[in-house]
Structure formats: C-alpha cells, structure tokens
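J.: The feature topological domain 'Intravirion' is assigned by Swiss-Prot to 1-6, with sequence analysis given as support. The region 'Involved in apical transport and lipid raft association' annotation in Swiss-Prot covers 11-33 and is backed by sequence analysis. The annotation N-linked glycosylation site is assigned in Swiss-Prot to ASN50, ASN58, ASN63, ASN68, ASN88, ASN146, ASN235, ASN386. Residues or ranges marked as region 'Head of neuraminidase' in Swiss-Prot: 91-428. Residues or ranges marked as disulfide bond by Swiss-Prot on the basis of sequence analysis: CYS92-CYS417, CYS124-CYS129, CYS184-CYS231, CYS233-CYS238, CYS279-CYS292, CYS281-CYS290, CYS318-CYS335. The annotation active site, proton donor/acceptor is assigned in Swiss-Prot to ASP151 on the grounds of sequence analysis. Look at Swiss-Prot and you will find TYR402 tagged as active site, nucleophile, backed by sequence analysis.
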Amino acid sequence: MNPNQKIMTIGSICMVIGMISLVLQIGNMISIWASHSIQKMNQHQTEPCNQSIITYENNTWVNQTYVNISNTNFLTEKVVASIALSGNSSLCPISGWAVYSKDNGIRIGSKGDVFVIREPFISCSHLECRTFFLTQGSLLNDKHSNGTVKDRSPYRTLMSCPVGEAPSPYNSRFESVAWSASACHDGTSWLTIGISGPDNGAVAVLKYNGIITDTIKSWRNSILRTQESECACVNGSCFTVMTDGPSNGQASYKIFKIEKGKVVKSVELNAPNYHYEECSCYPDAGEITCVCRDNWHGSNRPWVSFDQNLEYQIGYICSGVFGDNPRPNDGTGSCDPVLPNGAYGVKGFSFKYGDGVWIGRTKSTNSRSGFEMIWDPNGWTGTDSNFSLKQDIVAMTDWSGYSGSFVQHPEMSGLDCIRPCLWVEPIR
C-alpha cells in the first residue's frame with residue numbers, strides 16, 4: 001500500500017468514527033430532551049398524598065452535558081401534644097433534695113467546643129426540660145474567651161440545650177440576643193424574653209414559638225433587667241418581673257402578664273425601701289410567688305406574690321437564717337431589710353410552705369462557694385434562726401454562684417402537685 005492509499009484509509013476510518021460520535025451525541029440530546037419533557041408533564045400532575053414531601057434538585061454541569069439529579073424524601077409529620085399548664089396545684093411536700101443533672105461543661109470544655117456562659121437556668125415544658133444560658137459569643141480555651149467578664153456586651157445571646165448536656169455549638173439552639181433573660185413554656189410553646197441594647201435604652205424582645213411577638217422598652221432608662229431564671233405560667237398566661245433603676249438604691253419594679261407572647265397587663269410595684277432584682281418565680285395553687293435579690297441594703301431576701309390579675313403582696317423573708325451573700329451570721333431576722341452586710345448580693349431563691357420556708361443559700365457568708373438547703377418551719381413569718389433540716393448541695397471547698405428555682409408541672413411529672421426544683425451555677 002502506497003502512502004496515498006494509507007492516507008485515504010486513515011481518513012476514511014476517522015470519518016466513520018466521527019459519524020458514529022455524531023450519531024451518539026444526537027441520541028444523547030434526544031434522550032435528555034425526552035427526560036425533561038416527562039419531568040415537565042409530571043410537574044403538572046396532582047395526586048392526593050398523606051405524607052409531607054420535600055424535593056431537592058441539584059443542577060450540575062459535567063463535560064458540557066446537562067444532568068438533572070432529583071431526590072425525594074418522605075417525612076412523616078411529628079405531632080406535638082399541646083396542653084395548658086394550669087399551675088393550679090400546690091407545691092409538692094418535700095423532705096429533701098436529689099440530684100437531677102450536672103453538665104460538667106468546664107471539664108468537657110478543656111478538650112471540646114463548649115460555650116463561655118453565665119447566668120444559666122432550667123425551665124421545663126410538659127415534655128422536656130432545657131438549660132437556658134447567656135453566652136459570651138465565644139468558646140472555652142479560645143482567643144475570643146479573653147476578657148469575657150462583662151455582664152452586658154453586644155456578643156451575648158440567650159441559647160438553650162437539653163438539660164444535662166454541656167452547652168456547645170452542636171447541641172444548642174439560639175433563642176434571642178440578650179444580656180438578661182427569662183424563658184418558660186405555657187404548654188403550647190416556649191416564651192423567651194431577651195433584653196439587650198444600651199444601658200439608657202435597653203429593650204426586652206418577647207418571642208413566642210421563635211417569633212417576635214412584643215417588646216418592652218426601658219421605662220427608667222437605667223439598665224432594664226429581668227429574672228435570669230424561668231418565668232411562671234398559670235392557665236395559659238405567663239408572668240415575669242423586671243427591674244429598671246439603680247442597683248444600689250430605690251429602683252422601679254414591674255410585673256408583666258403575657259399571653260401567647262404579648263403583654264396584656266402590667267403593674268408597677270409600690271415598694272418604697274424595697275429592692276428587687278433577679279427574681280426566682282414559681283406557681284403555687286394558681287398564684288405566683290417570687291423570691292428575689294436585694295442588692296441595695298438587705299441580707300435577707302425580698303418577695304412578691306400575686307394572683308392572675310396582678311393583685312400583689314410584698315415583704316421580706318423574716319427568718320434569722322439569712323439567704324443572701326454577703327450576709328452576717330445567722331441571728332435575729334426581720335420582716336424588713338436586714339441591714340448588716342446587706343449591700344451587694346447574689347441571685348437566689350426560696351420555697352414558701354405556709355409559715356415555713358426552704359431557704360437555698362451559699363455555705364460561705366462572704367464568698368460564692370458551697371451551697372445548702374435549709375428548712376425553717378416558721379421562717380417565712382418568724383424571726384428566729386432555728387431550723388430543723390439542712391442538706392449540703394455543693395461542698396464549701398467548691399465554687400457556686402447564682403441559684404434559682406424551677407418547677408415540673410403535674411402534666412410532666414404525673415404527680416398531683418407541682419414539683420419544686422433548684423439549680424446552682426458553678427462559677428469558674
């Protein structure tokens with residue numbers, strides 16, 4: 001075969017290959033066109049379906065050929081029971097306290113991703129209990145954790161996670177931008193209250209089921225703040241206490257009644273010479289009792305109780321077993337502020353049982369260390385320092401911090417009474 005014949009043979013072979021390639025490309029285009037036509041026809045067809053369908057479509061270019069990938073996932077609907085938490089039962093009688101959970105966040109944070117937090121608290125619906133907390137917008141052992149000691153900064157947010165779990169970015173739910181907060185569940189949805197903004201113009205943002213439903217503007221323009229523990233719900237209405245004014249003098253205090261995330265009523269307390277901060281509130285027999293912090297001049301704790309119409313009573317726990325920190329040694333109490341060592345304070349709580357009271361307090365009189373529960377059978381109204389029960393919760397050698405109350409409703413516990421519970425913040 002001479003060179004010319006070789007060239008002609010090679011050319012013929014190339015031409016045949018090219019024609020075959022062209023036919024294949026035409027067939028590919030026809031196939032894609034037919035596929036799109038079938039998809040478009042199917043999109044106009046409607047069929048009844050009892051399941052939720054989510055279709056994800058990813059469009060990808062490969063070798064200049066349009067490929068359509070369609071994945072269909074079938075999701076069964078999760079029905080969440082809704083029930084009004086009545087709050088009409090009385091507190092369960094108790095003779096002691098048992099440990100419910102501990103998150104060990106500081107220890108886990110030495111290796112894991114754990115938020116820098118303060119002001120944690122617990123609140124329960126009829127289905128679950130969650131830990132709420134104020135982050136500093138940083139993780140433990142991270143460069144952004146330096147200097148996270150401010151109570152109020154634009155980086156602080158209210159978040160929540162299942163109770164007993166260390167608060168991390170992987171299990172936590174954003175609730176609100178906040179440096180002061182509260183949250184509670186009315187049996188239908190979570191209500192969250194997050195306060196943020198400048199000291200002279202802070203705003204409380206109310207969310208119900210994650211949606212902003214109302215706001216409360218600072219009325220004294222002096223660091224509006226709230227409970228740092230759960231609000232209290234009765235018959236579908238939730239109640240909270242807020243403070244606006246000096247932390248070392250007479251301030252203004254208001255009770256708010258909230259329904260489905262909207263303020264329906266508020267009352268300003270007529271409370272001269274009283275100081276209410278960071279109240280711990282709970283329902284009891286259809287009414288609300290709040291035990292608070294006096295940061296001005298009392299080493300015993302002030303209280304306010306009110307009904308669902310916001311008719312209220314005020315006072316101080318009379319017991320000579322003092323509940324604040326710093327505080328003097330136990331002695332003779334008063335139903336007015338006990339002045340020795342009365343300045344400053346720490347968030348705390350108590351549970352009232354008739355004339356008796358369970359008092360939670362630090363074991364130390366001058367530092368936030370240790371924690372104990374004391375039963376004073378006439379301490380709500382009596383001024384002596386006699387008590388009948390004492391139970392250690394945190395050893396004197398360990399740090400404590402804020403503490404507060406929360407409850408489990410009969411709709412959750414199955415009891416015929418409201419179970420009183422407490423939490424303690426281990427500051428490090």
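Sequential numbering from 1, following the chain as shown.
Placement of Cβ uses the backbone N, Cα and C atoms for every residue, glycine included.
Remember, predicted model here, so these are calculated numbers, not experimental data.
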J.: Across the region 'Involved in apical transport and lipid raft association' (11-33), what does the mean pLDDT come to, as a whole number?
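T.: For the region 'Involved in apical transport and lipid raft association' (11-33), the model's average pLDDT rounds to 71.
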J.: Out of CYS238, CYS290, CYS318, CYS335, which of these disulfide-bonded residues shows the lowest number of other CB atoms within 10 Å of its CB?
T.: CYS335
J.: Reported as an integer number of Å, what is the Cα distance between CYS92 (disulfide bond) and CYS281 (disulfide bond)?
T.: 16
J.: How many Å lie between the Cα of CYS184 (disulfide bond) and the Cα of the residue listed as 'active site, proton donor/acceptor'?
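T.: Here the two Cα atoms are 22 Å apart.
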J.: Just the number: how many Å between the Cα atoms of CYS279 (disulfide bond) and CYS335 (disulfide bond)?
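T.: On Cα coordinates alone, these residues lie 18 Å apart.
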J.: Tell me, which recorded positions from ASN88, ASN386, TYR402 are within 10 Å of CYS417 (disulfide bond) if we use the C-alpha atoms?
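T.: Candidates kept after distance check: ASN88.
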J.: In Å, rounded, how far does the Cα of CYS318 (disulfide bond) sit from the Cα of ASN386 (N-linked glycosylation site)?
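T.: Rounded to a whole number, the Cα-Cα distance is 12 Å.
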